[in-house]
């Protein structure tokens, strides 16, 4: 990423400060769930450090593996702990729940409207003299990204939603016992 020097410096300072704040949150917060979310902030900031050095695949892999898998497992383990002392003042529906449900519902309906109307094959195919040809100069990493963002995009997202629903269901069942 060829950024001007001041923007590059601001980006690095903001990522570093996010890393420090997240690390302090992991250590200083008494609620283990908040501490796990702070570790997620730390992992996101670490993965974003790779972007200014043009290591996009490493950044994406770090986000998928550490934030998407490891941090979810940490949150899953924290949810199994006996957290009754943290939830003494349980409210059934709060303002934050309403705001979150409105945001999630609007994102869901915008995705439902956008996905069928998007030409996914138009992302990678180029047109030259009325022939549609695939770009020949792609590496294996680019081919993986191309196939994940075109051919396997919808199955990839459906699997992630199924895994998320099963995780939430397992947490809900473990909470009842």
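Cβ coordinates come from backbone N, Cα and C, glycine included.
The list of residues near the transmembrane segment (10-30) in space but at least 6 beyond its ends in sequence, with Cβ under 8 angstroms from a Cβ of it, reads 3, 37-42, 44-46, 48-49, 52. Annotated transmembrane segment per Swiss-Prot: 10-30 (among others), in sequence order, evidence recorded as sequence analysis.
Taken from Swiss-Prot, the feature transmembrane segment applies to 32-52 (among others), supported by sequence analysis.
Look at Swiss-Prot and you will find 61-81 (among others) tagged as transmembrane segment.
Per Swiss-Prot, transmembrane segment is recorded for 92-112 (among others), and the stated evidence type is sequence analysis.
Annotated transmembrane segment per Swiss-Prot: 152-172 (among others), in sequence order. Sequence-distant neighbours of the transmembrane segment (152-172) (same chain, 6+ residues past either end, Cβ-Cβ under 8 Å): 72, 76, 79-80, 115, 120.
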Outside the transmembrane segment (32-52), six or more residues from its ends: residues with CB under 8 Å to it: 1, 3, 8, 11-12, 15-16, 18-19, 21-26, 58-60, 62-63, 66-67, 70-71, 74-75, 78-79, 81, 83, 86
